[in-house]
């Protein structure tokens, strides 16, 4: 709900901006902070509400953005032509207030924890200032560790996921940003160029829940990391083939496949993370992932724009973005294959050690030792009976 207010504030104040620096502050910082406040709870709440059908729920929840995006591109063009950029920001700021309504529906689940107050209270007062300071430091670090679990950087699967996503996001968003300009460069009018984004978003809208449904199946869910890797690979191949589109119908075909690939990745992007770290650590993992991924997300589009300026053609930018995304998919595929193999070995080792330390195995060991002891005693007795009156040998004494 606070995110919705911040988004509205950022958009409305942006309409009064007189320089690009002011737009950086209003649109970039205030509105960006509001969007971050919207994303984190919306993703975390899915882990609280669902487990059995979580991939399907994630796909349906993620389908919300392309529903609006499919109409937003022509709607933005209409607003710009009718009210100008200032009026457009004011209207969009009002629309973003609907996030407050969405936030009000996110109710906590589970029973409320009640603490019983004891009649006899025994308190220890820390009169020493050093003790107070130490306790304060401990509590601050405990709070930081509660919200940002830095131990995740020791998690093998999390590191594979994070490194793969850092590579992928360098070339993930630039093709969307430059799709309409690329179409205009081919001689297509503004509304038709904007309509390509609507086509992409429309396909994306149906791709996300469909892929979520497939990811929820018994065959895919245990190996969802492979599924995610192949979705990234499909996305990269679409960009590599984009320069082959020379006219409007072929660009529409590219938009359809791009929407399918983009929807597939977006549907299971956070579900694959939750599969790795679990629902309890997911909130902290999302925070750390989004912080690290900010760098490639920020660098990707400007670098792509620089490549277009240098070459004067958009096709090289699409080839570069496709190559980066394909590289990320190969990295994720190899990394996840190694991770799955190591997890299988660790599980096998754990099972064997568990069998060794079971009570049944302990009983069998004790029976074996008692039997061997009885055999030794019997042999000593037989030797004594044979050689009665004779002093026991050194071997018998040792036994």
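Even glycines carry a Cβ here, placed using N, Cα and C.
TrEMBL labels come from automatic prediction, so no person has curated them.
Noted in TrEMBL for the protein shown:
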type	residues	note
DOMAIN	1-347	domain 'Major facilitator superfamily (MFS) profile'
TRANSMEM	24-45	transmembrane segment
TRANSMEM	57-75	transmembrane segment
TRANSMEM	87-109	transmembrane segment
TRANSMEM	158-179	transmembrane segment
TRANSMEM	191-214	transmembrane segment
TRANSMEM	226-245	transmembrane segment
TRANSMEM	251-270	transmembrane segment
TRANSMEM	282-304	transmembrane segment
TRANSMEM	316-338	transmembrane segment
COMPBIAS	354-376	compositional bias 'Basic and acidic residues'
REGION	354-399	region 'Disordered'
COMPBIAS	377-390	compositional bias 'Low complexity'
Cβ pairs under 8 Å with the transmembrane segment (24-45): which stretch of 57-75, 87-109, 251-270 has the most?
87-109
Grab the pLDDT values for the domain 'Major facilitator superfamily (MFS) profile' (1-347) and give me their mean, rounded.
83
